[in-house]
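Asker: Provided herewith is a single structure, encoded as structure tokens, for subsequent inquiry.
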């Protein structure tokens, strides 16, 4: 009971009473700490009846008058905000950074050489690519000669294939016998016996 009596005078008499608050900060209601009077600026009141169709308002900066979603409409005399240039403090203090001038690339110009020296240009390119000739000793093959040689090889292969029937294998020359005869003549002495190898699926598969 003594604990209740000791606590009673601290808390119970303050129940329901509001705390005292400071209504004004020290020094008055203004935030001026130096005591000088602030200049009173007149309040701007917008004239809502004034028309701004033909000219931008003098007091206000550039603004968007009507906005509807992504579409923005500008009246005569107004300019979009994107046109305003932002002032960078670095460029204002140190000037514009100097950028190296790069020449413009002509994208319409063809990279294929035309004219009479196409063979010489192709030969020069092949000569300088790897620093050595293109597989043939003492000669540089150009693109046109490689194309013509590849077409000749195709003609020769197609001619040899047309002699026989690829399905049955009839009419083809037996290449293994020619190969064994060549080796006999080259060695001169003992003939080398080569076994004829049959491809998987036989000769009638069309792959061989």
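Please read every residue number as a count from 1 along the shown chain.
Keep in mind that glycine also has a Cβ here, set from the backbone N, Cα and C atoms.
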Asker: For the feature phosphoserine in Swiss-Prot, which residue out of 30, 141, 149, 158 does the record point to?
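Answerer: Among 30, 141, 149, 158, the residue Swiss-Prot annotates as phosphoserine is 30.
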Asker: Select, from 31, 137, 142, 150, the one residue given the annotation phosphoserine by Swiss-Prot.
Answerer: 150
Asker: According to Swiss-Prot, which of these ranges is region 'Disordered': 24-43, 44-63?
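Answerer: The range carrying the region 'Disordered' annotation in Swiss-Prot is 24-43.
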Asker: Could you let me know which of 111, 145 shows up in Swiss-Prot as phosphoserine?
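Answerer: Candidates were 111, 145; Swiss-Prot attaches phosphoserine to 111.
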Asker: Which residue from 98, 129, 168 is recorded in Swiss-Prot as phosphothreonine?
Answerer: 98
Asker: Can you tell which of 102, 190 Swiss-Prot marks as phosphothreonine?
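Answerer: The candidate carrying the phosphothreonine note in Swiss-Prot is 102.
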Asker: Taking the Cβ of residue 102 (phosphothreonine) as the centre, count every other Cβ atom within 10 Å, in any protein chain shown.
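Answerer: 6, counting other Cβ atoms within 10 Å of residue 102 (phosphothreonine).
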